[in-house]
Amino acid sequence: MKQLVGRFAPSPSGRMHLGNVLCALLSWLSARSQNGGYVLRIEDLDPDRCPRSYADLIEDDLTWLGLDWDAGGSKGGPDGSYYQSERTEIYQHYFDLLEQKGLIYPCFCSRAALHAASAPHLSDGRVIYAGTCRNLTPDEVAQKRKTRKPAARLIVPDRTITFTDGLQGECTEHLPTECGDFIIRRSDGVFAYQLAVVVDDALEGVTEVVRGRDLLGSTARQIWLHELLGFTPPQFIHMPLLNDVDGRRLSKRDADLDLGILRTRFTPEQLTGALACAAGLIDRPEAISARELIPLFSWDRVPHGDLCLPEGIF
Ligand code: GLU
């Protein structure tokens, strides 16, 4: 049987906060408790938002937490760098394959035009693209190119994607009405997360994706891209989100909960114990190392609904 390979794929746009740490911990525990491999991938596609210094801090924070990743696979492995910002040529290759299939068209719509279009808005704030640029003639495209750089959109077919999420159960999405043609390269030339994440998960041999439930809405698009590019999609497990003791969602704005501060107040074991307790792995928030949690880990113990931090700690 193929070895399980998990991954952690942070965007280094700031210091890791508790939600990221929980994602790292559970994805690592899931992989390591099944004798799986584990890949770290730095999703720094947007060079302005993701300075290298944050990526270095993520590595340092993971090491402090006692979470390791494999030297083979992405890091220093046959696919080269594990920084997405250094993998543009690889994404270009797969972009070209989609273009050769006639599945990509240039889109000149501004943000304002997209929001003004009478397309439905989904509950997660996504707007279904109205298809404005889908049937432009070559002359119209040439004309528009003179004043504006286009983004690139992928045409979606009349297909319903169904998958079984490890925690959220069966999910379905009808691509044209619940997703619409979506951007796979931005107008500034940066490849979209959707394309990069699929290419990297496939090339790095990732078989299990553990991430926050806020990314559930991207999964059908990613499964479709896996299929189009001839890859096998991984198993997806979308974790519940972390709430504070009052049931309020934690966010990056809770700066006091970023690791820069937390590392001055807690040991790695105290922090790991608090998160393991929130995730249902242990009954009380006692100090425990990530490695000691491996034999205790099971997805059956992790609640499907939102997780609450234990009282009196943060
Ligand atoms: N880089 C994304 C983030 O930090 C996660 C992508 C993924 O797990 O697929 O939000």
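Even glycines carry a Cβ here, placed using N, Cα and C.
As the structure is a computational prediction, the values presented were derived from the model and not from experiment.
For reference, TrEMBL has these:
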- Arg7, Phe8, Ala9, Pro10, Ser11, Glu43, Tyr193, Arg211: L-glutamate binding site (BINDING)
- Cys107, Cys109, Tyr129, Cys133: Zn(2+) binding site (BINDING)
- Lys252: ATP binding site (BINDING)
- 5-257: domain 'Glutamyl/glutaminyl-tRNA synthetase class Ib catalytic' (DOMAIN)
- 10-20: motif ''HIGH' region' (MOTIF)
- 249-253: motif ''KMSKS' region' (MOTIF)
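Features per TrEMBL, on structure.
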{"residue": "Arg7", "record": "L-glutamate binding site", "DSSP (3 states)": "strand"}
{"residue": "Cys107", "record": "Zn(2+) binding site", "DSSP (3 states)": "strand"}
{"residue": "Cys133", "record": "Zn(2+) binding site", "DSSP (3 states)": "coil"}
{"residue": "Tyr193", "record": "L-glutamate binding site", "DSSP (3 states)": "helix"}
{"residue": "Arg211", "record": "L-glutamate binding site", "DSSP (3 states)": "strand"}
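Looking at Tyr129 (Zn(2+) binding site) and Phe8 (L-glutamate binding site), their Cα atoms lie 30 Å from each other. Across the fold, the C-alpha of Cys133 (Zn(2+) binding site) and the C-alpha of Pro10 (L-glutamate binding site) stand 33 Å from each other.
Only Glu43 of the binding-site residues listed as Arg7, Phe8, Glu43, Cys107, Tyr129 bring a Cβ under 6 Å of any atom of ligand 1; the order follows the sequence. In sequence order, Leu40, Arg41, Ile42, Glu43, Val197, Asp200, Arg211 are the residues near Ala9 (L-glutamate binding site), counting only same-chain partners six or more apart with C-beta under 8 A. Looking just at the motif ''KMSKS' region' (249-253), the mean pLDDT is 64. Summary for the binding-site residues Arg7, Arg211: the Cβ-based neighbour count within 10 Å is maximal at Arg7.
For Ser11 (L-glutamate binding site), the same-chain residues lying six or more positions away in sequence with a CB closer than 8 A to its CB are Glu43, Asp44, Leu45, Asp46, Arg49, Cys50. Taking all protein chains in view, 23 other C-beta atoms sit within 10 angstroms of the C-beta of Phe8 (L-glutamate binding site).
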